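Annotated in TrEMBL:
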BINDING   R368  substrate binding site
DOMAIN    54-366  domain 'Aminotransferase class V'
MOD_RES   K218  N6-(pyridoxal phosphate)lysine
SIGNAL    1-18  signal peptide
Amino acid sequence: MIQILLFLLLQCSMSSRAPPKALLQDMVVPPRQLFGPGPSNMADSIAETQSKNLLGHLHPEFVQIMGDVRLGLQYIFKTENKYTFAVSGTGHSGMECAMVNLLEPGDKFLVVEIGLWGQRAADLANRMGIEVKKISAPHGKAVPVEDIQKAIAEYKPNLVFVCQGDSSTGVAQPLETIGDACREHGALFLVDTVASLGGTPFDADALKVDCVYSATQKVLNAPPGLAPISFSDRAIEKIRNRKQRVASFYFDALELGNYWGCDGELKRYHHTAPISTVYALRAALSAIAKEGIDESIQRHKDNSQVLYAALKNHGLEPFVEDEKLRLPCLTTVKVPEGIDWKDVAGKMLTNGVEIAGGLGATVGKIWRIGTFGINSNKTKIENVVELLSKSINETRMYCFINLYYF
Ligand code: PMP
């Protein structure tokens, strides 16, 4: 009898669990102008793809779309690399994929650190038990390439990591000659272009880059969720000759390469690609192909000048002093003395515009203004700086009133 009662009680308590109230309401997504470090706004031609019906991930039409994406990625990375595809995951998955394939126990890893992303690469390598050496620059500066060449010659690493555009500082690290030094000393050259691809010059083959990864949510204006990546023949040779198998199945470059049709072999099931995000990437690459990759880079450069001029007009200063080292698609701005960056960013957000504060060591010191893809536009940029200046003045006024009356 007691057992029956207990059973009934359990049944009652199980069936009486109410669904979360929040999920009975419609989702709220306010319009927002995304001028932070990413994601950026989606272009209409890309947003439209998100309501298209799904295809099976091995259907011939989807295989064709994957093929188009590979061609588009070779175009924007400027490479002939066969192993050029997109990892299912955000920018971090590109970093993890590159590192788990290109490093193995006993290897030495040289990290060029100009901000948070070098630290992140070093952290990942530490987790993998890999010996790491860092060569760093003070925040807001780049590491001179001569110092990098010297470090490669002395340390003789197996892999060298450089972040081309560090979104925590707004610095664009020069890459020229690093690839040559890597070849001379038997190292592979790995570049993070998550925040820079399409917004500043990059030529994987001319720079002798062995692996480069990026992300979809910055200059490409697509939703986050894929990490474009490309491996040189040297990199693939190293992966094929590893003493140990790659510890990750999901990020195994040879398996992924087969799934994306890079090796000319019969395609095997690896995972289910995020179909809609692949559509979005195809549309993003189509938009860049129509504009031209060099034209896109030039537009970002021209509009960075518009941004610098607007900042100057409003008495604001870029954080990166040397203009040649500024990342054209992401500008860091010094927070004026006595101003709370958060109050200002909060005021902008209530006006529907996002800019971000610093990241890692730059928190509190800077704002970060991303002008990626369609947001690299003269009028939009001038409006954002106008609103930034207005928000700063309002914050100043509020501080003054507070001081005066209380
Ligand atoms: N590298 C750089 C330079 C980045 O700016 C970011 C993201 N802001 C990442 C890597 C990581 O990308 P995600 O957030 O898409 O994982």
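Placement of Cβ uses the backbone N, Cα and C atoms for every residue, glycine included.
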Residue among recorded positions K218, R368 with least C-beta crowding, 10 angstrom cut-off: R368
Cα distance (Å, whole number) from R368 (substrate binding site) to K218 (N6-(pyridoxal phosphate)lysine): 13
DSSP three-state assignment for K218 (N6-(pyridoxal phosphate)lysine): coil
Predicted model, mean pLDDT over the domain 'Aminotransferase class V' (54-366): 98
